[in-house]
Amino acid sequence: MSASPAQRRGNPKARTHSGATAGTTQLVRLILRRDRVWLPVWMAAVLGLVGSRATSYPVIYPDAAARRERYSDVMRDVPMFRLFQGPAYDDSLPALMAQETVAAVTLVAALGAAIFVARNTRGEEQAGRRELVGSAAVGRHAQITAALLVVLATGTMLGAASAAVLVGAGMPVAGSLAFGLVVVSAVGIAGILAAVTAQLTESSRVAGASAIALFTGMHFVRGAFDMGDGSFRWFGWLVPNGWLQRTRPYADEQWWPFLLVLVLMAALAWAACALSDRRDLGTGLMATRPGPARAAGSLSTSLGLAWRLHRTTVMVWAIATVAIALPTGLIGAEAMEDYADSERMREWATAMGGAEPSQAFFTYIAFLLGFPITMYAIMTVLRLRQEENSGHAELMLSASVARTRWVASHLAIALASSAGLQLILGLCFGLGSGDLGGMLTTTLSLVPALWVMVGITMAAFGLLHRGAAVVGWGALVVALAVEFGQHVGLPRWIFMTFSPYAHVLPFLGPPSPLTLGTLTVVAAVLIGIGLAGVRRRDMLV
């Protein structure tokens, strides 16, 4: 005769057997089986970035004079390089490669880690699968533990593979090992940070976006302090991103900051488990406020429901945009004034198409920050795929709601909110630089290119469904790759063909109305193809 639940609760052996991490091994296998495509794609993206940078820099800086000029640009003449990439510690080729590469690699690695952990923790609860799994002999912390074990193991493989790629490219072993540990650290920090945010909110998208925003925000906090003179740079130690930069790969490596990373990761992991114990399954510590007794009239429309589903994510991204752009605008304007008389700074401003260094600085940042906003827009479109997979779309379409109207409501949110984020970016930069009209023109001129990426993702959803995520994210990776490739000799026609952003480069002057109109038409055609595909194909039931 089996023991009752009360008897099992009072039995110490039963409690030990069904501890907080019971079932972790089985969940690890399940995660590896389910994400057998996502994990290799993420690893390939990171390793491709590392490999391309390692092999291209001997071409970019072929001699000692070119390397000394770059070192001078970073440390004295063009401070905006320190904002995005961090300080340079040596003028050797490996050290300069690390200086330009660490920030990009850590951000890409952190992005994948945060998304992975959020979808395998909060996403499982949101879909109801965590409750089903929990009905078996699975501990309360097993899901978090399994997700973190997989992401840390993947991060370790990424770090080892990155070090191997760099050694294979002729880089010193010690510096390559330090670089690999930086990658592992970024994956660990972002992944465990996502495990914490997953305890706070009821949405996996908000949890992932919050972790990404926090990691990216810390990157820019570090950059803002590094842009200043020596008396302010020590403030970079206040954020983990500053620790990673100050390990100094290939420039008299400093190993002890990795101990700080271990302490932080352990503290965050403990916090995630502790917070998990203080909430009910399916809820977040940031409790959703009780709704009204009667639903708002807007929820009777597909657009109103879509806005209700997306509004928290939109607000998180809007707050993150303000938190990054406004301080950057204020600090950047002051920093550019200090370097405005530098000959190298003026040469760089001229090359960027700006008459003044501050104008060139904000133009450059606005262009780069357009890519994260594109990521948000792609994720918003892919919400359609999640709604279809979960069965929510079937419920909507069982009423008198046409397929195109259901899809168009989510598309409207993606198009309008991404343009709104670009507007916020322009307002923040305009307040900092004093050139409100110019900054709004710059940021809003990028919107048609962003909409083309939305159109590509929508077309993939309509025609392929299961391949929508691969096509959408793949298009963004290609756009980023060819943008970098043009700096290392990639033919310009390839850049113009495979990246919509090539046609709105602010460095080449304001795009013409014809260019903006053409991109908008291309986006509309792609969206139309997606809508036609949704009408013709079978929906998942």
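Quick reminder: no glycine exception, Cβ is built from N, Cα and C everywhere.
Annotation comment: TrEMBL describes 1-21 as region 'Disordered'.
Under the heading transmembrane segment, TrEMBL lists 37-60 (among others).
Taking Cβ pairs closer than 8 Å, the transmembrane segment (102-121) reaches residues 31, 35, 38-39, 42, 45-46, 49-50, 53, 84-86, 143-144, 146-148, 150-151, 154-155, 158, 162, 179, 182-183, 186-195, 197-198, 204-205, 207-208, 211-212, 215-216, 219, 241, 244-245, 249, 375 in its own chain, all 6 or more past its ends. The feature transmembrane segment is assigned by TrEMBL to 102-121 (among others).
Per TrEMBL, transmembrane segment is recorded for 142-167 (among others).
The transmembrane segment annotation in TrEMBL covers 173-194 (among others).
The transmembrane segment feature in TrEMBL is assigned to 206-225 (among others).
Taken from TrEMBL, the feature transmembrane segment covers 255-276 (among others).
Taken from TrEMBL, the feature transmembrane segment covers 314-333 (among others).
Same-chain residues lying 6 or more positions outside the transmembrane segment (361-385) and placing a CB less than 8 Å from one of its CB atoms are 80, 83-84, 111, 205, 209, 216, 309-310, 313, 317, 321, 324-325, 328-329, 332, 336, 349, 352-354, 393, 407, 410-411, 413-415, 417-418, 421-422, 425-426, 429, 432-433, 435, 439, 442-443, 446, 449-451, 453-454, 457-458, 461, 465, 468-469, 472-473, 476, 479-480, 501, 505-507. Annotation comment: TrEMBL describes 361-385 (among others) as transmembrane segment.
Here the transmembrane segment (406-432) has long-range neighbours at 301-303, 305-307, 310, 314, 317-318, 321-322, 325-326, 328-333, 362, 365-366, 369-370, 373-374, 376-377, 380-381, 383-384, 387, 393, 396-397, 438-444, 446-447, 450-451, 454, 458, 462, 527, 530-531, 534, meaning same-chain residues at least 6 beyond its ends whose C-beta is under 8 angstroms from one of its own. The transmembrane segment feature in TrEMBL is assigned to 406-432 (among others).
For 444-464 (among others), the entry in TrEMBL reads transmembrane segment. Within the chain carrying the transmembrane segment (444-464), a Cβ under 8 angstroms from the stretch's Cβ atoms is held by residues 366-367, 370, 373-374, 377-378, 381-382, 384-385, 407, 411, 414-415, 418-419, 422-423, 426, 470-472, 475-476, 479, 500-501, 503-504, 506, 510-511, 516, 519-520, 522-527, 529-534, 537, all 6 or more beyond its ends.
Feature annotation from TrEMBL assigns transmembrane segment to 471-494 (among others).
Annotation comment: TrEMBL describes 514-534 (among others) as transmembrane segment.
Across 37-60, 206-225, 514-534, the stretch most heavily in contact with the transmembrane segment (314-333), judged by Cβ pairs under 8 Å, is 206-225.
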